[in-house]
Amino acid sequence: QIDPKDYTFSGLKNETVGRLPGKVAGQQFVIQDCENCKIYIFDHSATITIDDCVNCQIFLGPVKGSVFFRDCKDCKCVVACQQFRTRDCRKLEVFLCCATQPIIESSTGMKFGCFQYYYPELALQFKDAGLSIFNNTWSNIHDFTPASGENNWGLLPETAVVQDYVPLPSSEELKVVRVSTDAIKSIIPITRGQRQKNSDESCLAVFFAGDYTTANARKLIDEMSSKGFQLVQTKEVLMKAEDAQRVFQQSALEFIPLLEKGPVVALEFNGDGAVEQCRSTVNEVFSGTKVFVSESKASASQDVDNFYNFADMQMGM
């Protein structure tokens with residue numbers, strides 16, 4: 001028999017509390033009426049509601065459904081979820097991974113950054129919550145109640161460091177979780193999202209489903225990042241033959257048979273010379289693997305648009 005008390009933090013002040021990996025195991029969780037608290041949910045859950053919290057620092061492991069903040073203010077959070085919503089909130093700063101478009105309503109002073117976090121159990125928790133590490137629309141915020149002439153939300157500085165916002169847990173019980181907030185180690189690839197691009201040259205690379213798709217995609221991200229290129233966005237999505245024709249055009253026939261194995265993982269890199277660098281890296285590092293890479297600078301921006309327009313329709317954005 002499940003005791004709701006095990007899945008609730010309520011009425012706490014000046015406390016550090018949390019749940020260790022395996023302790024929530026996909027249940028719903030409720031956080032309410034907490035003040036000046038540090039709260040860490042190091043597990044996956046079904047849904048989480050956070051009500052009437054003030055000046056709290058909160059880490060939420062992968063949430064299969066929605067995370068809903070209501071009537072909260074001055075909170076700093078790290079959150080991974082399928083759906084993210086706020087209502088009647090003031091001054092939340094959120095490092096976010098969200099599979100669908102995040103929604104704010106009657107909320108002001110909201111700031112968003114890209115989720116960056118690691119501990120050994122986290123990758124499996126993402127799987128258990130049914131979330132892809134490549135589907136993250138953290139910066140594509142929809143403001144349900146915009147006020148003319150005012151901007152209710154913005155992006156955190158690019159230099160923002162997670163630990164300065166949500167520090168590592170200091171309590172003995174929670175210290176056993178081996179957390180790193182180093183961006184290089186983050187389970188979620190760090191993307192630029194809606195930030196201004198540095199260059200008018202982007203490149204699309206698409207990996208097809210197989211045993212090493214995630215590892216290969218991460219490897220290419222590491223290689224390109226180390227050469228100074230920026231990862232703008234990533235996406236994991238199922239494609240049909242007609243989608244492939246729209247996106248891959250002349251080379252569609254070569255890739256259509258690969259689509260039956262499962263979803264593709266697409267990456268957009270940005271920077272002068274991105275296409276040439278991406279093509280040569282793929283040839284060197286993934287010589288035995290079929291990867292779609294934009295042919296030329298001229299076709300690349302069209303490739304990116306074609307793919308993401310299709311993907312956004314798929315995801316019902």
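Every residue, even glycine, has its Cβ placed from backbone N, Cα and C.
The GTP binding site annotation in TrEMBL covers Gly65, Ser66, Gln82, Gln83, Phe84, Arg85. Every protein chain shown contributes to the tally, and the Cβ of Arg85 (GTP binding site) ends up with 20 other Cβ atoms within 10 Å.
Summarising the annotation, TrEMBL assigns domain 'C-CAP/cofactor C-like' to 1-146.
Summarising model confidence by region, the domain 'C-CAP/cofactor C-like' (1-146) averages a pLDDT of 97. Residue pairs drawn from Gly65, Ser66, Gln82, Gln83, Phe84, Arg85, the listed GTP binders, are separated by up to 11 Å at the Cα level. Excluding Gly65, Ser66, Gln82, Gln83, Phe84, Arg85, which define the GTP site, the same chain contributes Thr47, Val63, Val67, Phe68, Cys81, Cys98, Thr100 within 8 Å (Cβ to the Cβ centroid), listed in sequence order. Under DSSP, the residues of the domain 'C-CAP/cofactor C-like' (1-146) split into helix, strand and coil as follows: 11 helix, 73 strand, 62 coil.
Within 10 Å of the Cβ of Gln82 (GTP binding site) there are 19 other Cβ atoms, across all protein chains.
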